[in-house]
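> Mind looking over this structure? Questions follow.
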Amino acid sequence: MSKDDSIKKTVTIGLSTTIFFVLSCFASIPVGFNVSIETSAAFLAFIAVAFGPSVGFYVGLIGHIIKDFFLFGNVSWNWVLCSALIGFIYGLPYKIIDLKYQVFTKKKIVYFWLYQVACNFIIWGFFAPQSDLLIYGQPPKLVYLQSFLIVISNILAYSVVGIKLMTIYSCHYTKQATLMKINNS
């Protein structure tokens, strides 16, 4: 990785973490049982797909730490790790989807929608509740209800906000890439 790339990634992580935190605090809709529909979940998916798994990991990690600290006064480390992990996993197909140089087609939208559904079920539907049961000994019914609501709310947030963000970003950059190719010919 060149020096310019590492600087760009660092700046992207810093700015995206700030946006993640602001969205977590001010753009979430409570649905009950300490669960909210968070636009920050859709933003994390967008950032990870646009910039790759390492950026997704750090935005999920740092953003969730700051959010927990400011909103709750303490950090739930198992959930922070789940946010970091899902940010990383969301970013794995970033070269396949390639928002910057290829159109975000319906096929890619469906592919990533199914992919993020599977990721949400694995991370928030399995790992997060299991870690709550093992670490905190919380009541299983409450833990699984929360995890089910989180999975559904993340899927809804991505379906409404994430797809729009990715489509707008892709349209903007693919037009620029096409213009650059035309100008260089």
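Any Cβ shown, glycine's included, is placed from N, Cα and C.
Taken from Swiss-Prot, the feature transmembrane segment applies to 13-33, 42-62, 69-89, 109-129, 148-168, supported by sequence analysis.
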> Which sequence-distant residues neighbour the transmembrane segment (69-89)? Criterion: at least 6 residues beyond either end, Cβ under 8 Å.
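Sequence-distant neighbours of the transmembrane segment (69-89): 21, 24-25, 44, 47-48, 53-61, 63, 119-120, 123-124, 127-128, 131-132, 135.
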> Under 8 Å between C-beta atoms and at least six residues away from its ends: which parts of the chain pack against the transmembrane segment (109-129)?
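For the transmembrane segment (109-129), the nonlocal Cβ contacts are 45, 49, 78-79, 82, 85-86, 89-90, 93, 96-97, 140, 143-144, 146-148, 150-151, 154-155, 158-159, 162-163, 166-167.
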> What parts of the chain pack near the transmembrane segment (148-168), using Cβ distances under 8 Å and only residues at least 6 beyond its ends?
31-33, 35-39, 41-43, 45-46, 49-50, 97, 99, 104, 109, 112-113, 116-117, 120-121, 124-125, 128
> Using a Cβ cut-off under 8 Å, which residues of the same chain at least 6 positions beyond either end of the transmembrane segment (42-62) come close to it?
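Hits for the transmembrane segment (42-62): 9, 12-13, 16-17, 19-20, 23, 80-81, 83-94, 97, 99-100, 112, 116, 154, 157-158, 160-162, 165-166, 169.
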